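Engineer: Take a look at what TrEMBL says about it:
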- 51-153: domain 'Rhodanese' (DOMAIN)
- 246-338: domain 'Rhodanese' (DOMAIN)
Amino acid sequence: MLDVRTNLSNFIPQGNPVGKLTQLPVVGNRFVQTQVPQMSVQQLQQLLTKNATNLLLIDVRYNSEFNIAHLPGEWFLIPYPQIKSGAALAKIKKLIQDKQQHHPNEEIQVLILCRAGIRSAHSVFRLQQAGIKATNITGGIDAWRDYIDPSLPTYVRKDIPEIKLSLANKRVPKQRWLSGCGVALALGAVGAVGAVRYNSDLLRPVIQAGVPLAVASDLPIIGDAIQEASEPVMSVQQLKKLMNSKQENYLLVDVRTPDEYKFSHIPGAVSLPLQDIEQGKGINAIKSQLKGRKLLAYCTTGKPSARALVLLQKAGIAGTKVQGGIEAWTKEIDPSLPRYQGRKIS
């Protein structure tokens, strides 16, 4: 049986409890600000007015933000991602050492600034973990504009080029984390990997409920089932209604073996066995026959047709599975068709 905890370990944030809390949206931002020293913009203004020589001023925004608006004084621009990754720690320690050499009798005060006080708070928290004392400027540039200098230009964080790129890159690991949780939930809902291996439709209600499973679509067994369960479906009643409408904008394909097709098939269906599709020649055959029509596929109960549609989708051919296959058609639409269940077709 799959050990879900092992498979999710790469998707779930690791570390100490406080560290985990700081990674949570909204809650993490508020929490981390309670864990670091704070300084108001009024206090900062007093220090800047005095020309205090023991200050090491670090702005953790991006260069584009700094160019739009920045505070008076000598600020070192070190974007937060560099602090988060640890790449800037050596640089900051060197800046502190240099400052200390020029002012040996003073305690160096490291002040961290950003736009709203969130990235700077996270930066201070990271620096504390590295043994560097620092203080967050509460409210950041926005607070300075509100309380000190209303003429300071405003900007929207999401419009900054570096932030746009950063947000785009963040979506992938977040989706992986959510999808990892989704896989665990899905397997818990259906019982086990073995169950979905033989009946991928067990996952369909989970996918339709919005549980993200995409990250596991490349995994063996469960990945195949997820891909199959993600294919569009139609009921035999819908198929019958379509046939009664006399429309000719669809191609109905039977992916069972030729012998099964010969024994019994839905009227109007053409035979293109799954084996031929797996070998590639069936894909070419469908392309030649499709001619802009909608592809509908069925088998005995559903799994082979779902597999066929996944392979066809990879070849650029979208299709819809007839839910329940020939068994559902015989049971619910045309009981007069011969039923081969339990018989050997040769």
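Including glycine, each Cβ sits where the backbone N, Cα and C put it.
Keep in mind that TrEMBL annotations are predicted by a computer and have not been checked by a curator.
Fair warning: this is a prediction, and the values are worked out from it, not measured in the lab.
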Engineer: For the domain 'Rhodanese' (246-338), how many residues does DSSP put in helix, in strand and in coil?
Structural biologist: 42 helix, 16 strand, 35 coil
Engineer: Taking every residue in the domain 'Rhodanese' (246-338), what is their average pLDDT?
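Structural biologist: Mean model confidence (pLDDT) across the domain 'Rhodanese' (246-338) is 90.
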Engineer: Counting by DSSP secondary structure, give me helix, strand and coil numbers for the domain 'Rhodanese' (51-153).
Structural biologist: 46 helix, 16 strand, 41 coil
